[in-house]
Amino acid sequence: MVCLAFIRAAHEHLYLVRKVSHVCRCHQHRAWGSRPAASQFAVQGAPGRVLELLGKSYPQDDHTNLTQKVLSKVGRNLHNQKFHPLWLIKERVKEHFYQQYMGRSRTPLFSVYDQLSPVVTTWQNFDSLLIPADHPSRKKGDNYYLNRGHMLRAHTSAHQWDLLHAGLNAFLVVGDVYRRDQIDSQHYPVFHQLEGVRLFSKHELFAGVKDGESLQLFEESSRSAHKQETHTMEAVKLVEFDLKQVLTRLVTHLFGDGLEVRWVDCYFPFTHPSFEMEINFRGEWLEVLGCGVMEQQLVNSAGAQDRIGWAFGLGLERLAMVLYDIPDIRLFWSEDERFLKQFRLSDINQSVKFQRWFFQEERATGIQRKMGRQLCPFSKYPAVFNDISFWLPSENYTENDFYDIVRTVGGDLVEKVDLIDKFEHPKTHRTSHCYRITYRHMERTLSQREVSSVHQAVQEAAVQLLGVEGRF
């Protein structure tokens, strides 16, 4: 029999909707005994109601698509929790920039902002970065919207324009970012980015260059694969050289000397030329960051028309998983001491590798205590696989809507979701999807009975909230 608590949780937590007369803190919920109708939790949000987050109120509309699972992560700020692996990466990057790059008064050149609110306007997240109105990155299915005008930032780049407009020329921004995405060991709806920006005046860029006083930052020409229409080739090449030198030094600081690096041309709306940096780590090429010469239109609109600059962005989880051998992105949200205590280091630059097995004395028998502490597994508990298949509704279905339901109902019991089959009926032309959900707890073994209750709750929530027709 389906566990009603899971079903109620799906209805109660999937989309945060409240009557205006009952606006409250974002973690207050309806009583378990009152089971609301599925129509109250439509994917399109609840126009006329209000969402409260971080002390501010936001009217909901047809773009509201936040889940309680995601909202519960807002304010956790893992990157600011001392000794957390993401904090260690942030501190190592910050220390490197503080020590390597000094201003005229021998103070750090780069300022650091790691407590900016994750709630931004859609203008900040998209328009300020020159992202076109029809760009696919704006899709409701890929982002978490509070309403049409506000969202949880999809990247730390959302703060670039504001900080440039405030007169800053060199800064790092660190924060949690939110994207609707697939479910596997490498992806989570909340992750953390570190953004870097540096602007140069004509004097700063050409200082030390022979005949530098005769060189210019800007010209009127045509855009090419190598530069923007407003930049001189001399300026672009110097900015590009500085950017790549700064980032090569950074990854060498993190990974050690002798690291092999390569640059891959790519595209970002807010930089040109743009690059991805890859490193050869243990014989495998890994992408670690994206970067490029900032679009001058962005720089000009922020009030820095006399400067040219670069920007880069990297994912803290990606670096931490490689540096510390962390196998599953869910672990970053663990409060298990067996995980956290491994990163309490006296020196942030100390080498550490996550141990999947370790000694846990309290589980040992009396005889074992005499012989030594017991060796216990961490996150290697057996997986349980369950499939779900259903006919899609005629419209308004996205896979990310289903993934959000799975995350909301199953929480961190869900390790992975794979679309394993698509079928179109030859007569009705209806489409069916079949997903395989992998359940695995990070700290204990799950029973099939326990998983079946969660899985059945996922099935019912999908039917009631997405309008699919079950084939189970």
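Note: Cβ is positioned from N, Cα and C throughout, glycine not excepted.
Swiss-Prot lists SER157, ALA158, HIS159, GLN160, ARG179, GLN186, HIS187, TYR188, GLN193, LEU194, GLU195, GLU287, PHE312 with the feature substrate binding site, giving similarity to another entry as the kind of evidence. Residues near GLU195 (substrate binding site) in space but far in sequence (CB under 8 A, at least 6 apart, same chain), listed by position: HIS155, THR156, SER157, HIS159, GLN160, LEU172, VAL173, VAL174, ALA311, PHE312, GLY313. A strand conformation is recorded for GLU195 (substrate binding site) in the three-state DSSP classification.
Residues or ranges marked as N6-acetyllysine by Swiss-Prot: LYS202. Within the same chain, residues at least 6 positions away in sequence whose Cβ sits under 8 Å from that of LYS202 (N6-acetyllysine) are LEU215, GLN216, LEU217, ASP306. According to DSSP, LYS202 (N6-acetyllysine) is assigned to a helical segment.
Under DSSP, residues within the domain 'FDX-ACB' (379-471) fall into helix, strand and coil as 34 helix, 30 strand, 29 coil. Swiss-Prot lists 379-471 with the feature domain 'FDX-ACB', giving sequence analysis as the kind of evidence.
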The one of SER157, GLN193 whose CB sees the fewest other CB atoms within 10 Å, among these binding-site residues: GLN193
Winner by Cβ contact number (other Cβ atoms within 10 Å) across the binding-site residues HIS159, HIS187: HIS159
Pairwise C-alpha maximum, in angstrom, for the residues (SER157, ALA158, HIS159, GLN160, ARG179, GLN186, HIS187, TYR188, GLN193, LEU194, GLU195, GLU287, PHE312) that bind substrate according to the record: 27
